[in-house]
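The structure under discussion appears below in the form of structure tokens.
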Amino acid sequence: MTVNIELDYNPKQMAIREKVFNTIISCFKRHGAENIDTPVFELKETLTGKYGEDSKLIYDLKDQGGELLSLRYDLTVPFARYLAMNKVTNIKRYHIAKVYRRDNPAMTRGRYREFYQCDFDIAGQYDPMIPDAECLKIVHEILSELELGDFRIKVNDRRILDGMFAVCGVPDDKFRTICSTVDKLDKMSWEDVRSEMVKEKGLSEEAADQIGQYVSLQGGMDLAERLLQDAKMSQSKQACAGLTDMKQLFSYLQLFQVTDKVVFDLSLARGLDYYTGVIYEAILTQTGPVPVAAAQNGAGEKAEEGVSVGSVAGGGRYDGLVGMFDPKGRKVPCVGVSIGIERVFSIMEQKAEASAEKVRTTETQVMVASAQKNLLEERLRLTAELWNAGIKAEVMYKKNPKLLSQLQHCEDSGIPLVAILGEQELKDGVVKLRTVHSREEIDVSRAKLVEEIKRRTSDV
């Protein structure tokens, strides 16, 4: 038997995943997003040249008749293609779907070849930084609601990075490749990053050292103000435009009450080629020794105390991407965020393992049972009544099951109530309703059973 290289997910894992998805979707909907879907494969030319050095990770499908197709690498490029093809100039959308990468799977690091992405994007011509601030607010809401632990959202701007590279003496044709190297600072030490810039990418030592002075800076609105006065940075129009927007962004983030978790970090680069403005990344942080979760969730590369346990969301502004797919090159400004859902899943699964609380894999509210023989028809009749009334009910698939085995099934699967039928109950027109955890039983008239079950399981 061949073993699947990707993971199968059992009912317990799927229950945790569904809960996470529901939290994320309800947040997206709270912010007025609509849902779309796109094909799992795209024309190869659609994906080519959009991902920088990561393009080598795209899965190409075998040519079967002249159409070269690839599996989608992310949800952003297909979204841009969708906007251009359908001539959509403004939309606030979310999209949750699987993407594919020819990566080396590392289950211990939350890295897979097939995985979900959860994206939220705002497309349209709006005043600067208002949609960008909302994207950061959404990340803050989702990470707070999921209770994954302490987190920090790093922000930077591609224009600030490009301006910084220019004033530090990086040649124009090396901007993107140096940007990809800076992007590794969350996984590698500055010494290793500097070495890659100089020895592999051919950058001068002087330029690398100047970059080093800037990428160590972190702050908030105050740092943006300071850099606008910086002798070197102020020479770059591009950097000044980015820094002015960064100040505006922080003023909106203050109004949204999320500045406690957001930091302006000049080392944040995000390697994708299509970003044009603000970029951001959310990382889980924690103080003290890094727990097993760090190894499990992909960011254990930096395992000193008080350091990140992994990136759990990222995004930014990409104003030029849609124009690449429009025959007339018409641009649609876009900004968005992607939640790193697989890492979130692994953390939530770990938390579930660590806590004594049982994860329910069904939502059944009541088990219809009988204490005596020959009552299958009555059980089925009552079960159908409950289903027709919208109650989530189960019945055992045996003619004469033992009451004990019916009750045990409820204990095992977390079903909170049992509706027990017997000869006497049928005569009296009642059902014995048993609460599983307390073992209390009361007689409820058949007419009021649905109402009573709903009342007792309103939180299920």
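Every residue, even glycine, has its Cβ placed from backbone N, Cα and C.
Going by TrEMBL, these are the annotated features:
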- Asp74, Leu75, Thr76, Arg101, Gln117, Asp121, Arg270, Tyr274, Tyr275: L-histidine binding site (BINDING)
- 8-348: domain 'Aminoacyl-transfer RNA synthetases class-II family profile' (DOMAIN)
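Largest Cα-Cα distance over the residues recorded as binding L-histidine, namely Asp74, Leu75, Thr76, Arg101, Gln117, Asp121, Arg270, Tyr274, Tyr275, equals 22 Å.
On the 0 to 100 pLDDT scale, the domain 'Aminoacyl-transfer RNA synthetases class-II family profile' (8-348) averages 87 in this prediction. If you count neighbouring Cβ atoms within 10 Å for each of the binding-site residues Thr76, Gln117, the highest count belongs to Thr76.
Minimal Cβ crowding within 10 Å, among the binding-site residues Asp74, Arg270, Tyr275, is found at Asp74.
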